[in-house]
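Here is what Swiss-Prot says about this protein:
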type: BINDING; residues: 75, 77, 93, 153; note: Cu cation binding site
type: BINDING; residues: 93, 113; note: Zn(2+) binding site
type: BINDING; residues: 213; note: substrate binding site
type: COMPBIAS; residues: 174-208; note: compositional bias 'Low complexity'
type: CARBOHYD; residues: 53; note: N-linked glycosylation site
type: CARBOHYD; residues: 86; note: N-linked glycosylation site
type: CARBOHYD; residues: 98; note: N-linked glycosylation site
type: CARBOHYD; residues: 120; note: N-linked glycosylation site
type: CARBOHYD; residues: 156; note: N-linked glycosylation site
type: CARBOHYD; residues: 164; note: N-linked glycosylation site
type: CARBOHYD; residues: 182; note: N-linked glycosylation site
type: CARBOHYD; residues: 193; note: N-linked glycosylation site
type: CARBOHYD; residues: 196; note: N-linked glycosylation site
type: LIPID; residues: 209; note: GPI-anchor amidated serine
type: REGION; residues: 174-211; note: region 'Disordered'
């Protein structure tokens, strides 16, 4: 029991808020292109464009979602869609700041949890546009999403379809011709509606304060690691 408690404390210390990202102004837009497959009718795009304030304007335009299995969460995943076109191989949610799947604030959620911050897809044909203050189009940023992927899930976290996030001029034959996977998301993220998190642009935290909290978490984790070593 003592060691379980220590592990829990360490996990809390390592968790941190994602900093506000305002470094995308003037950067190249990105897009995830979804195409129909033999097992999925989902098609359309999710576009990422630099906003005037340096955050990212996200435009979702998808059709063909299967009836009866919504609402549909969607997330940025940590790996691209491979040549095998298997959505399971995209790994877990993109989470460079050790966010949580159950957090109550946008900054504390996993960075890739777009639907957690802005709401699930709620219909078989769906369009929405919003500003996200945490992901980045800057290749030098820890929050950069280029080269990763997006997975659309059913309400039980089955991976329905996936697409690579590429620049507008990149080919994406491998990126979006993804196969159906009956396995649930490896990160076991629960479905969330729009009341679970507001738009990233409404968060009042600053980039500096986010970075400060991350640094403090690092110091705390190091101290706890020392305590663990002394107890073992």
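Backbone N, Cα and C define each Cβ position, glycine as well.
Around residue 98 (N-linked glycosylation site), taking its Cβ as the centre, 19 other Cβ atoms fall within 10 Å, counting all chains.
Residue environment of residue 75 (Cu cation binding site) contains 27 other Cβ atoms, counted within 10 Å of its Cβ in all protein chains.
Each residue contributes its Cα atom, and for residue 156 (N-linked glycosylation site) and residue 53 (N-linked glycosylation site) those atoms are 36 Å apart. Annotation note: residue 164 (N-linked glycosylation site) sits in a strand segment as assigned by DSSP. Of all the glycosylation sites listed here (120, 156, 164), it is 156 whose C-beta has the fewest other C-beta atoms within 10 angstroms. Taking Cβ-Cβ distances under 8 Å and a sequence separation of 6 or more, the neighbours of residue 77 (Cu cation binding site) in its chain are 90, 91, 92, 93, 94, 112, 148, 149, 150, 151, 162. Between the alpha carbons (Cα) of residue 75 (Cu cation binding site) and residue 53 (N-linked glycosylation site) lies a span of roughly 23 Å. Annotation note: residue 77 (Cu cation binding site) sits in a strand segment as assigned by DSSP.
Taken residue by residue with DSSP, residue 86 (N-linked glycosylation site) is part of a strand. Each residue contributes its Cα atom, and for residue 153 (Cu cation binding site) and residue 164 (N-linked glycosylation site) these two points are 15 Å apart.
Around the Cβ of residue 153 (Cu cation binding site), a 10 Å sphere holds 26 further Cβ atoms from the protein chains shown. In this view, the densest Cβ surroundings among the glycosylation sites 53, 86 belong to 86, judged by other Cβ atoms lying within 10 Å.
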